[in-house]
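This report concerns only the one structure given below.
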Amino acid sequence: MEAATTLHPGPRPALPLGGPGPLGEFLPPPECPVFEPSWEEFADPFAFIHKIRPIAEQTGICKVRPPPDWQPPFACDVDKLHFTPRIQRLNELEAQTRVKLNFLDQIAKYWELQGSTLKIPHVERKILDLFQLNKLVAEEGGFAVVCKDRKWTKIATKMGFAPGKAVGSHIRGHYERILNPYNLFLSGDSLRCLQKPNLTTDTKDKEYKPHDIPQRQSVQPSETCPPARRAKRMRAEAMNIKIEPEETTEARTHNLRRRMGCPTPKCENEKEMKSSIKQEPIERKDYIVENEKEKPKSRSKKATNAVDLYVCLLCGSGNDEDRLLLCDGCDDSYHTFCLIPPLHDVPKGDWRCPKCLAQECSKPQEAFGFEQAARDYTLRTFGEMADAFKSDYFNMPVHMVPTELVEKEFWRLVSTIEEDVTVEYGADIASKEFGSGFPVRDGKIKLSPEEEEYLDSGWNLNNMPVMEQSVLAHITADICGMKLPWLYVGMCFSSFCWHIEDHWSYSINYLHWGEPKTWYGVPGYAAEQLENVMKKLAPELFVSQPDLLHQLVTIMNPNTLMTHEVPVYRTNQCAGEFVITFPRAYHSGFNQGFNFAEAVNFCTVDWLPLGRQCVEHYRLLHRYCVFSHDEMICKMASKADVLDVVVASTVQKDMAIMIEDEKALRETVRKLGVIDSERMDFELLPDDERQCVKCKTTCFMSAISCSCKPGLLVCLHHVKELCSCPPYKYKLRYRYTLDDLYPMMNALKLRAESYNEWALNVNEALEAKINKKKSLVSFKALIEESEMKKFPDNDLLRHLRLVTQDAEKCASVAQQLLNGKRQTRYRSGGGKSQNQLTVNELRQFVTQLYALPCVLSQTPLLKDLLNRVEDFQQHSQKLLSEETPSAAELQDLLDVSFEFDVELPQLAEMRIRLEQARWLEEVQQACLDPSSLTLDDMRRLIDLGVGLAPYSAVEKAMARLQELLTVSEHWDDKAKSLLKARPRHSLNSLATAVKEIEEIPAYLPNGAALKDSVQRARDWLQDVEGLQAGGRVPVLDTLIELVTRGRSIPVHLNSLPRLETLVAEVQAWKECAVNTFLTENSPYSLLEVLCPRCDIGLLGLKRKQRKLKEPLPNGKKKSTKLESLSDLERALTESKETASAMATLGEARLREMEALQSLRLANEGKLLSPLQDVDIKICLCQKAPAAPMIQCELCRDAFHTSCVAVPSISQGLRIWLCPHCRRSEKPPLEKILPLLASLQRIRVRLPEGDALRYMIERTVNWQHRAQQLLSSGNLKFVQDRVGSGLLYSRWQASAGQVSDTNKVSQPPGTTSFSLPDDWDNRTSYLHSPFSTGRSCIPLHGVSPEVNELLMEAQLLQVSLPEIQELYQTLLAKPSPAQQTDRSSPVRPSSEKNDCCRGKRDGINSLERKLKRRLEREGLSSERWERVKKMRTPKKKKIKLSHPKDMNNFKLERERSYELVRSAETHSLPSDTSYSEQEDSEDEDAICPAVSCLQPEGDEVDWVQCDGSCNQWFHQVCVGVSPEMAEKEDYICVRCTVKDAPSRK
């Protein structure tokens, strides 16, 4: 990169960047408006700009963000685009800074011409601002006045120095030595003895150019430029600039500027210029201008005789030759002490006399402008340079530098003279030459189908200036500078200065890509204000450049403008955003970094009046016009038939003004004497050939020319400025006559007339007063007329549509408000509905309705609604002012509010108060019923209360509720701990806690559980006491239920351990009973073994069916169903006393006996059936009979020896029972009686105990009957029949098969006693293919009584000696004597009588016992006789030879027992014959039972032992029911045990 274009950021400045500038840290101006149009709005750019114009005009600039999907492709060829940027030194841009630099340049030039070296002094470690010092001294009256009045301290204070440090004297010395000689020179005091030179003489041949920055428009790129750099901040040293001898004056001036940290002035011979910069250390001397200390410079004498030629021009003397100075400009001589002010020493450099110095310093400076860089860039190379510069300057990546930091640093740099930062700006690159960034037709960039839409987009800057709505489209002259876009490639700090667009037109700028561009804008109405402020603050700049602000070379800090009340706005334009500037809106800005932008001018119809005003302004400034405004108007008027009616109307108005002005000017010219005229086609001339010589205005309508100056023209405003010839020699050149202009204007008028009439009607309708307003229908008619006549969619029509739409919306809203319907009573979230108005908005809406340009029918109705809403507000306010309003009243008022579709401010508070009132009522209601007030209810109420707005009543209720909850939770937790306490608490302590809990007005779950536990404990104790006090033996289930209940009660119960022990004893007793009775792995339960069988045969089912058919006798309760063990167990459990249990078991015994008898007969019959009956099913397997088989002694069914276990031959013959019939071990009675005794000691009733008692009673009863049978003669008769071969077996056994079938030592089915050895030998066998290993006593071989006795013997689960004795007696062989006796005819009769007598004795004994009982119970003699009569026929039934006879006998016996039971049932205590004394004796008698229950009252029933002791026992103590006591003999346990050995 060449040195001329290299950018040197220099040392990094310290941050924050407040800088030493006059304004301190930069404060950003307010933001300008930012618009984000919808797609519909974005479709027409001119319509959108017209829409936003009222807003954006107030700020001068605005930003437009296109819709997000609008992203035009970048159409520039990046590789082929190249440009030469402009060089910008930032501190030369700012107006006030440039004034300072110019002043310092003049001071430097003055001292340079005086041959002295200039040092910039430092005061208080700060560089002295010579410009400010000079200005302040001048404001105070000058050097002499300040010294006289001693104002140096005041001046030092104004310059920012601290007072009291003798700074004033230092400043005075610096001023006196540096500035005072210069001011004396300017005032002319140094030339008072000389004739002042004419400063206005032409000195072009010696012209001095201190800046060498020609105007921007005429600068040519130089081959080389001095390297730009950032000067270091001057800290504590002054800069001493030495001028080398070989350097020219211009070079020294250049170096002087560089040493002062100022922009370097350029010289004409800059190509060979070299700069030498040196910083010298601080010198403590106060003086600033230092003369040469070496050999004083004097005029060297060329010849000895020429000395007299040099004399002082002031004093005329040639003396003091060594003090005589020779001017290097004019060779005049002066004494150093004759000069004003005098010089102490001879300068070391070239010296100019006051005359030459005045001539040099009076030369005007050339206009300031930008110079072009020497290097040509492409986008790529410029971007690399720009990014490197910004990254190095801020020492961070470019994208991380905040825009605020860049902005503050920019304004600091442009305001300081100490730092020289130079940047480059690729500005004003013609898109015509390099292509636009937007796609264009026939462009080099190929577009996708989606991107082709951008070719015709109105926002494509190539299209916007030439669109139909743009006025510039009608200009045929070549104004490509305004109609074609310009490209701008920026870098960090590159800027564009304050300016307005040509002809005060609009401009639009689009940032294609890159970093943001910061804009500042001033609205058009403040343009002259900005100009005046800048002229006031920097008047020196406008002396040489009156049109400075049109040159785009001057910038001023926005804060400075805002301080002088100039409105300034800013924005950051990001990539993809537009910035629009409005007519006459000054704007400036800078780039944040490398970016690419494109801009173009355009003019809308509303600009036309401003455009004419701008031309007049240009005429005053003598500024060139880009095009002729009048020519444009006439061009548009010439094609009035195709103009838009709005454009035609506007052009017609502007043309009328033009014609009037032209008519007046031509009349003025005519009065001056100009009479010659000629038509001239001005549009055919180049613009520079038809410009007014005076004001530079482009002439079109007319001009004045003179033959003395051919080719020169003046406008009619400056006729007198053409030449000195008399006016009659002038010639008026015109384009149109007035007669030509009027038809053109009328054509425009005709084109716009219908529209104007319509527009007039629209304006009248829009601006009508209240009493003259039209209806909404009239507005719609105007819109329909515009559509029918195809008027343009201009601002007026859009405004009419907008007003109509607003009116329609207002009508719709008004109707909705009048309907007064809300969708919901309460909206979620509590927020304001978007469709609802507040009362204030309603009031404003009503006001808006009255302010509408049209009249709505809903307006008066809505006014009435507003009145009703205001009444509601008054009532609601009154209700809300009450301390405790009722919920009902609040709800009623809220219901009224639902009629209004208005957001009422009171509703929120009313709903809050309603919630509070409802909550308070809910709390009050909950507290009225403490039993239903749970902890969760209290917590819920508290949670609801917490969510309520603060209110005193709520807070009080909350406090009470919280206190109640705290107490309740405390006691509930305490109750819970009491319930879970181990060991458990006593009933008294828990009852005390319950009393405390009952005082709490709330429902406590654990408290309720504690209360329930206490109540359950009391009930339990009451039940236990009742059980103990009743005198009854407790039932096991009752005890278990009590124990279970007691264990579940969390209270310490004293009786519970005793009951648990009792239940444990019962369980132990049951375990002992199980071990005694049940076999190993028995499928039967203990109760099932002890109770009579309920699962025998099918008799149960038959009896059930028969009972269903038999009606119950009147007055009798239905008997308990005993068809299964569960029925029997339930009946035993439900029985309240032992007697009823025994009766139940007795009934079960009868069922068992009957069912088994039927089963035995059926099985016997099955075995006696014909052989060909193949349906016979036997055995456990229920298959057909097959030898070998064995027959069960009890059920008489046959079983295959392969299916069951049978005894071996070695074991002898034993009674065999099948698995169904053998249910227990059948322990001997001696093992059972201790169980009964221990059960009586336990004194607990349980089904198994009742069953055991009944089984023992049944066993003892069977023993008694068996003993009677054995002692009677009836058994002999049976024995004879058995022995005589009446007993037979159908099947014959095979000994070998039996022995091989079973080898078990003791099969489960065998009994514990043996049969006679000759049992099989005495049996007659029939030949049959079936045979059994054992034969049973045939049923028809014995009497029914014996058969029943034998059957019941096997049913008994007890081993008795009488059973074996009975079988041995029946199956023993008769002796010969017995056989002889049996053959005797008399013996049998005798034996029979004996037998009958024995039997009769037994019966008499029973009758005596029965009679004794009946007498004791007071039975009448008649009833006893009836009983005796019923029992007497038994004598006839002694001989029982058939089962039918046996059944008749049983029925008769049961009838007698039933009579006894009936007599017992009907003998109530009131009918008894006992006296009260006897009753008391019975009650006081002692029961000898081991575990006497000591019953009282109705339970004192007695039974006498029929054994040897004859003692009386309580029936309930020995487990005997009244029925059993009447039907059977009772032998106590002691007699049973005592008599058992004798019976053996």
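Quick reminder: no glycine exception, Cβ is built from N, Cα and C everywhere.
For the residues LYS266, LYS274, LYS293, LYS1109, Swiss-Prot attaches the annotation SUMO2 cross-link to LYS274, which does not rule out the feature elsewhere. Swiss-Prot lists zinc finger for one of the ranges 105-155, 309-359, 513-563, 564-614, namely 309-359. Record check of LYS242, LYS773, LYS863 in Swiss-Prot: the feature SUMO2 cross-link is attached to LYS242. Record note: of SER968, SER986, SER1048, SER1271, Swiss-Prot gives the feature phosphoserine to SER986, with no matching annotation on the rest. In Swiss-Prot, the annotation SUMO2 cross-link falls on LYS1450, out of LYS444, LYS1444, LYS1450. In Swiss-Prot, the feature SUMO2 cross-link is attached to one residue out of LYS204, LYS446, LYS790, LYS1439, namely LYS204. Considering LYS209, LYS1226, LYS1373, the record held by Swiss-Prot lists LYS209, annotated as SUMO2 cross-link. Note on the domain 'ARID' (97-187): its mean pLDDT in the predicted model is 79. Neighbour count (other Cβ atoms within 10 Å of the Cβ, all protein chains): 24 for HIS587 (Fe cation binding site).
Taking the C-alpha positions, the distance from HIS499 (Fe cation binding site) to SER986 (phosphoserine) comes to 104 Å. Within the same chain, the residues at least 6 positions away from GLU501 (Fe cation binding site) whose Cβ sits under 8 Å from its Cβ are SER507, THR581, PRO583, ASN601, listed in sequence order. Those residues of the chain, other than HIS499, GLU501, HIS587, with a C-beta within 8 angstroms of the mean position of the Fe cation site C-beta atoms are TRP498, ILE500, SER507, THR581, ALA585, TYR586, SER588.
Each residue contributes its Cα atom, and for HIS587 (Fe cation binding site) and SER986 (phosphoserine) those atoms are 99 Å apart. The Cβ of SER986 (phosphoserine) lies under 8 Å from the Cβ of VAL1051, HIS1052, each of these being in the same chain and 6 or more residues away along the sequence.
All protein chains considered, the CB of HIS499 (Fe cation binding site) has 17 other CB atoms within 10 Å.
Secondary structure from DSSP puts SER986 (phosphoserine) in a beta strand. Broken down by DSSP into helix, strand and coil, the domain 'JmjN' (32-73) contains 16 helix, 6 strand, 20 coil. Helix, strand and coil counts under DSSP for the domain 'ARID' (97-187) come to 62 helix, 6 strand, 23 coil.
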